[in-house]
Amino acid sequence: MDQGRPSKKRRLACYSEADDLELFSPSGIISASDVVARSADADTREYIQGQIVMRWTFMRFRLSKLSGSSIAAELQLRGRCAELWDSFGFDIGDILRVSLKGVKIEQTKSAGKLVLVYDDGIAFQYVSRSKKVEDNGKIVNIWTSDRESGRKGTPPRRFADVDDWFSTPSTQHEKAAMRPTQKAAPQPVVQEEDIESTTADVFRAEIAPKFESNSLSQQASVGAVENVLPKPEVDSMNVGATTASLTSAQTDVVDATSSLDAKSAPRADLQSDTFSISRRVPHINEALELGETERTSEGTSTGQETKKAMRARMKMKKRERKALQTTANLAPTHLEEYDLPDKATDSGNAPNTPAIQTREVQVQQDVPSPKSVSFTPSSTKDLMANPGDLALNMRAGFRASTDYYVPLSNAHEHYEFSTIGVVTSASAPEVKGTGDWMTCLTVVDPSNVDLHSGYGFGGQDGFKINCFTKKHQEWLPRPRRGDVLLLRRIKRSTWQDKCTGIGYHDKLRWAIYSSSTGEVHHGDVGEAPRMTALDGGFGADFSPFWDPEEDELQYCIQLADWWQAMEKEQQRRMGTVHQISMVPRFPAGGRQHRLICDCTPDMPPAGFFNCTVEVLHVYHSENGGPHSLYVTDYTKNRLHMPFNTSWCRAEFAEYVLKIEMWDAAKEVCRSMQAGEFYALGNIKYRLGSSGYYEAKGNDAKYVRLGPEDEADQANPHLQALLARKKEYEEKQEPSSEFEHLLIKDIERERFMDCTVEVLHVALRPEKDLSCIYVTDYTLNDSIPRQDASWSKGLENAVFIIRLYNAQAKMAERVEVGCYYKIGSLQVKRSSEGSYQGRLGGDGRHISKMHAGSSDPRLRELLRRKQHWQSCEERVSSSSSKEFSTLGQVRMSVECPRKFKVLARIVDFYPLKLDKCFFFRCMHCHKNLPGNRKGCMDCDDDDDDDSVSCFMRLFFRLQDVDGSTLEVSACDPDFGLLQGFEPADPYEDDGILDDLKTRLEPFLGNLPQVHENIEKNVPLKSDSPFIQCTIYSWPLEGERGTRGYAIMDIKQADED
């Protein structure tokens, strides 16, 4: 009795589905260094894992550096493995687990490369595929295929690819040999009366695996070598009911590969509309295809079919399918298909001759309710031994009423996307080097979790998303593990060939669904505001907190149930189960015709709308970028960019909408003219990078409305636009000048002109935005207080003006301490309640004024300035009574004049002291180049006095208030250089040392700072305070300009 039983080792060699699972168990993965240390006869239960980063045509591919090692692996397929190279279809980016069974290690000279050779067979698993997502988790085992072929007594051979036009067609015997055979299994005998008493459809254990095993087969040429475990057919009665799944015992009834080929087997189309979350409605074509399969296998098993006969048979199949399809369309949609158990089969059939069985399809009109479903004892034992959870069948991604939430596995296909996932890890918020707050999240969904390998259950498994915010860390999501996180407007990012997501501070919106409490929340916000305005308080109102709609909340609940079921199933670890389900699609409303004033980025569907507008201006991009179309429907844009151009006055800017035209819309935009009316379709309203509302168009769904349309009363949208335009034009005043106001008169939003002095300039050319800080020496408590050193004493008299577009470039020419007239200035109130100015457009709105001008508004400003300088309300220290500030020096009207200043030298020019010396021709009074000592124009070599050496040196001074002033340090009366005669430092070695000795006590470490600038090594300057006398004098030429020179200098007292 014991002699007839196979040994334990021999039983392990037999094929079973558990063999493939054990090949790639989590405990079997090893690093490349371990592979190098082992012999060629590696353990069959060990494997390596990596991503394909290179592939050659000669059956060779390279995996990325393996985990735990710095060694990359190159795999070479030879012999029988090389014959199947095309069937494997490896793609760059595929992640594989490759078994070490039968591997041979080749010796290489490179220490960072491992060459593995497979001759007789190979087994591998697709962890994830870059192009064929449906193959994720599939196992290909050549060794198992060989054992199956050995049991059948047929030697393995390579058959012609049915999809290859240049290969010899396979015979019918070859095609039959390519089909996997079905194991014989006893079928339960069901009496006819038992069949009639059955109150629900019963799928036999023989049929369900066939559907799944054939749906997993990809090509006929691969069918003989792919060893994929069958998925159980899911037949759920309702959403709340649990689903019946196959047990491990039932999977032995049918082989991993069915006897039906991929062409004739019944299929379960995962994308078909015949599947729903409540139950599966099988297609009636399955019955036809099943019967055709049996007739084909019966009719073609005795000889090769001619091409003419095959074409006739295919036409007959097509006609029968169409007839049955017509019948299926007439059937009620609520009926289900019944696949009844066969009658008793003849037990005397030969083992190698499968009996041809007849399937009967019966549809009853009176389908019982799901609650009354009952099974015969035999079917219950076979099908319901291991009931599954419907939540496991969930499919990632769905289209909500507000946006499409993509599966995480497809995130790399989208530049910007929204998604919902389960959090597996979340880092605590931290401050980065840029000053922004950041947190790193890892999320999963049904598209990137694998029960076979356990991927997705680890803390670092999943899709990583980095979230940022500027000010408030409470604006970052802080979920717990297992929480469902809704994320909107994530930008795709690729780093080191890995796709991640980034949530920016002005785009990311999120919500957390807690599965433990069943509530949606945004964490503890604390004192942080829930909403603020972008662009420093003048842009669109923005909140990172998203309030989910009903359909979004339902999806979050389903995802939470799925994750709980996955964790439970993963703990059970009972093998591999491939689930099939369909997620309900929520229909989004169609695009509506809207006015500009009614548009928001979050309006359904996903911010898209139609509109009727008048074209104001068209800007054609010449560098390949989008064209810019400026339109209006004479309703106000909620948050608009400031315009002030020849085609748009500043007061009309709030009626203008900018549309970026891309792709097909870009071509239509070329023919558009200002003043024309258009009906625009499929326009997306969005928040631009500048923080203001704009739109985007991609399609050519635009219709020009001509004069006949304007007279046609059948177009209500155009007629309403014309009425609004007429009403606006009637309200406009003929005068185009704005009232000239003082800063103290600013008390509401309006347009104004003003005359001011510039105190400070902040340039931001990378964002086409700059700010100038001006004053007219009047106070206003409704403007932001400025506490900078340059605004001392004028804290409530400084008005901020933000410059956009062409006006931002104008800021580069604005000089601090000079006077300007600014026209068409728009006063806006920020979300904090303070007033600031905005100036945009292309026109000239900033004009410089000279201090000696007779303009009455400028003369009044200078009078207020002089009064401020002598005002007793300014609190001064004893030192400030003795010394003048640099701001007072610059603002002084009296010239020439001497000032006593307490300051320090913060910079000097030239950067090197040896460059201070230069030569000048005393005949023509021209400065000579540095490499010449004689004047080429005068050419007087005999006269030694024709060329003299001079010196130029400038200091930048900074006082205790932070004000700066550039002064000349080479005046003949400069006490520090008394007795110093300039000379050529290359001929007189002592002249440079003499100069350094005189300046060293006052310059501090500034010479070293300049040396480090050339080395690109930053060094903070450190120089002492000095007491000096500054002399001012009027410069020749432009009126009102002055020069400054330092007269004497000494170190300040220590007290």
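Easy rule for this one: first residue shown is 1, then count along the chain.
Including glycine, each Cβ sits where the backbone N, Cα and C put it.
Looking at 294-315, 360-381, 822-843, the range tied to region 'Disordered' in TrEMBL is 360-381. Segment annotation: TrEMBL labels region 'Disordered' over residues 173-194 (candidates 173-194, 459-480, 723-744). Using DSSP to sort the residues of the domain 'Protection of telomeres protein 1 ssDNA-binding' (602-731) gives these counts of helix, strand and coil: 34 helix, 43 strand, 53 coil. Taken through DSSP, the domain 'Telomeric single stranded DNA binding POT1/Cdc13' (405-554) splits into 18 helix, 63 strand, 69 coil.
When averaged over the domain 'Protection of telomeres protein 1 ssDNA-binding' (742-869), pLDDT in the model lands at 85.
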